[in-house]
Amino acid sequence: NSGGKLPGVSASGMGLRLSQKFVFLLFLSALVTLCFGALFFLPDSVRLKRIFLSKTETQPVTVGSGSENDVREHFKKPKEQDHPRGMTSAKGESSTRLKSLRRKPPLPPLATEERLSGGRAQEDLTLSRTRTESASEKASAADRGSDSDTFSYARFQRCLLKPPLGRDHGKPSDPRTDERREKVKEMMKFAWDNYKLYAWGKNELRPLTKNGHIGNIGASIIDSLDTLYIMGLMDEYNDAKEWVKTSLDLNSNGEASLFEVNIRYVGGLLAAYYLTGEEVFRSKVLELGEKLLPAFSTPTGIPRGVINLGSGTSWSWGWASAGSSILAEFGTLHLEFVHLTELSKNPIYTEKVMNIRKLLNKIEKPHGLYPNFLSPVSGNWVQHHVSIGGLGDSFYEYLIKSFLMSDKTDGDAKKMYYEAMEAIEANLVQKSPGGLTYMAEWRGGILDHKMGHLACFSGGMIGIGADDGAPEKRQHYLDLAAEITHTCHESYSPTKLGPEAFRFDDGGEATATRLNDRYYILRPEVIESYMYMWRLTHDPKYREWGWEAVQALEQHCRVEFGFSGIRDVYTTAVSHDNMQQSFFLSETLKYLYLLFSDDDLLPLEDWVFNTEAHPLPVIRKSCLQDEVTQEKAVSE
C-alpha cells in the first residue's frame with residue numbers, strides 16, 4: 001500500500017491512525033492537483049499563467065514623456081534626427097526614420113561641400129556558387145522536421161512558382177538595359193565599399209566627413225543583405241552575413257522605433273533568410289521578434305511607438321498628439337509578424353497584428369478615412385488628420401500586400417483596402433488646373449493641397465491592387481496609378497530629383513513652395529512606382545524615367561566617398577547633407593536594379609516587398625499542407 005506501512009499502525013508523533021492519515025494525504029494531494037491544474041485553465045490575462053507560458057509579456061511597460069532627450073544612441077526619435085526617414089519617420093530612424101515621419105526633422109547644419117567623383121568600384125561579375133553551397137547548408141539547418149509544426153525551408157522552396165533569381169539572375173536581353181543595370185550595381189558597390197571603409201557597424205555613412213552616424217546596430221548592413229545578394233555581390237554579402245553572425249547585438253538598452261526596427265531589421269533578416277536559407281538570419285530574427293512583443297502591452301493592444309530592446313519598456317513618441325500611436329507605424333507590422341509566426345510556429349505574432357486589425361474594423365472612421373493618430377489607451381482617434389504620405393502611407397500599402405502575401409486568401413485585408421481606396425478617391429484624389437492627379441491631405445474636413453514624396457509610393461500600390469478590385473474598376477485603378485506616377489515624375493525637376501513635398505496651390509504645379517520642403521534625401525518612393533508600373537505595363541517610359549534618376553543621382557548626389565542627399569533640388573549649385581541613408585541601399589538602388597532586370601528576378605507572383613523593399617514570399621498554405629501530407633505518405 002501507498003504508505004509502505006502496515007494497517008492499524010499509528011503515525012509517529014501525529015496521533016493519527018493510518019486510515020486517517022491516508023484520507024488526509026488523499027485530500028491534500030487532490031487539492032494540490034486541482035490548484036496546479038487550474039492554473040493552466042485560467043484566462044490569458046492572469047499573471048501566474050504568464051510565468052509559465054509567456055515570459056516576454058511580463059516585462060515592464062511604461063508610458064514615458066517621450067521627450068526628445070530620452071533617446072540616446074542607436075535610434076533617435078524622428079525629431080532628433082538629421083533626416084526624416086533614416087531610421088526615420090514612419091520609415092526611418094537612427095539613420096533611418098519613419099517612412100511617415102521621415103519627412104519632418106530639420107536638415108543637419110551645412111557641411112563643407114565635397115567634389116563629385118567617379119571612383120568606380122570594381123564589379124563582381126560572378127555570382128559564385130556560394131549561393132548554392134549556402135543554400136544546402138541552410139536548408140539542412142532549417143529542415144529539422146517534416147511535420148507541420150516545424151518550418152521547412154525545402155518545403156517553402158517547393159511552393160514557389162519560379163526560382164527567386166530567375167533563369168539568368170534577371171539579366172535583360174537588351175544590351176542597353178543591361179548596361180544600365182550594371183551601372184546601378186556599380187553604384188551599390190561604391191556606396192557599400194565606402195560604408196565598409198568609414199562606417200562599418202554604424203547605422204549609416206556620413207560620406208563628406210567619412211564617419212558613421214548613430215549607433216552600432218548596423219542598419220545599413222541589415223538593409224543591404226538582400227540587395228547585395230540579388231546583385232550577385234557575394235563577397236560583400238558574405239561580409240555582411242559574418243557581421244550579423246558575430247556582431248549584431250540585440251540586447252542594447254538603446255531606445256528604438258518599433259516601426260523602424262520592424263521594417264528594416266525584422267524585414268531585412270526575414271528576406272535574407274528566405275533568399276538564402278542561412279540559419280543565422282532565422283535565429284536572429286526570431287530573437288528580435290520576441291523583443292518587440294512588450295510594446296503591445298497596452299489596454300487596447302495597439303503598440304506604443306518606442307521600445308527599449310534591452311529592458312522591454314515602451315512609450316509613445318513625445319511629439320505624437322496626446323501620447324498617441326501612429327497609423328503608419330502600428331499599421332506596418334502585419335507582413336513581418338505573419339512571417340515571424342510562420343518561422344516560429346508561435347501564433348502570438350499573428351494574434352498581435354490581427355488584434356490591431358479588429359480594433360480598426362470596429363471603430364468609426366470619418367468619411368471612411370483612417371486618421372493618423374490613435375490612442376493606445378482608449379482606442380479612439382486623437383486627431384482627424386489623414387495622409388497617404390507621412391504618418392499614414394504604409395498602412396494602406398500593407399492592406400493590399402497582406403492580401404497578396406496570403407495567396408489572395410485574406411479577404412478581410414482585401415475588403416479594408418478597397419473600402420479605403422473608395423474613401424481616398426472620394427475625399428483626397430484631386431486634379432490640378434494643369435491636369436495632374438494628386439492626393440491631397442485631409443485635416444478635419446479641410447483639404448491641404450500638398451503631396452509628400454513619401455506619398456509617391458501610392459502609384460505602385462494602386463497598380464498592384466488593380467487586378468483584384470471590382471472587374472469594372474481594374475482599368476480605372478491602373479489609369480489612376482499611372483496618373484499619380486506621372487505627377488510624381490513631374491515633381492522631379494529641374495535637377496531630375498524630387499523635393500520632400502510639393503504643392504498644388506497658388507498657381508504651383510507639383511512644386512515645393514517652401515524652402516524647408518526642397519530637400520531630397522535619396523528617397524526611393526518615386527522609383528518604387530516606376531518599377532511596379534514597368535512590371536505591370538512594360539511601358540518603356542518608366543525605364544527612361546528611372547535612367548533619368550540614375551543620372552541625376554550620379555550628378556548631384558555622388559560624392560568622393562559615397563552618396564549624399566541634397567538640400568535644394570531647385571539649384572544645381574548643390575549643397576550636400578552628409579548622409580547616405582540606409583534605405584538608399586535597401587530600396588532606391590534595389591528598385592532601380594529591378595527596373596532594369598527581367599521580371600523573373602523576384603517575380604511578383606511569389607514575392608511581396610515590405611515597405612523597406614525587403615522581399616517576403618507569398619505564403620501558400622494549401623501547398624505547404626500538401627507538402628506535409630506527401631512527406632508523411634512517403635515516410636509511412
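Using N, Cα and C of the backbone, Cβ positions are placed for all residues, glycine too.
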Disulfide-wise, see what TrEMBL says C456 is paired with, picking from C488, C557. C488
Around E525 (active site), how many other CB atoms lie within 10 A of its CB? 28
Sequence-distant neighbours of C456 (disulfide bond) in its chain (C-beta under 8 A, six or more apart): I484, T485, C488, S491, G498, E525, V526, E528, S529
In whole Å, note down how far the CA of T611 (Ca(2+) binding site) lies from the CA of D393 (active site). 10
Out of E260, D393, E500, which of the active-site residues is least crowded by other Cβ atoms within 10 Å? E500
Pairwise CA distance, E260 (active site, proton donor) versus E500 (active site, proton donor), rounded so that it is a whole Å: 19
Pop the Cα-Cα gap between T611 (Ca(2+) binding site) and E500 (active site, proton donor) into the table, whole Å please. 18
Just to be sure I understand, if DSSP states are collapsed into helix, strand and coil, how many residues of the region 'Disordered' (162-181) fall in each? 7 helix, 0 strand, 13 coil
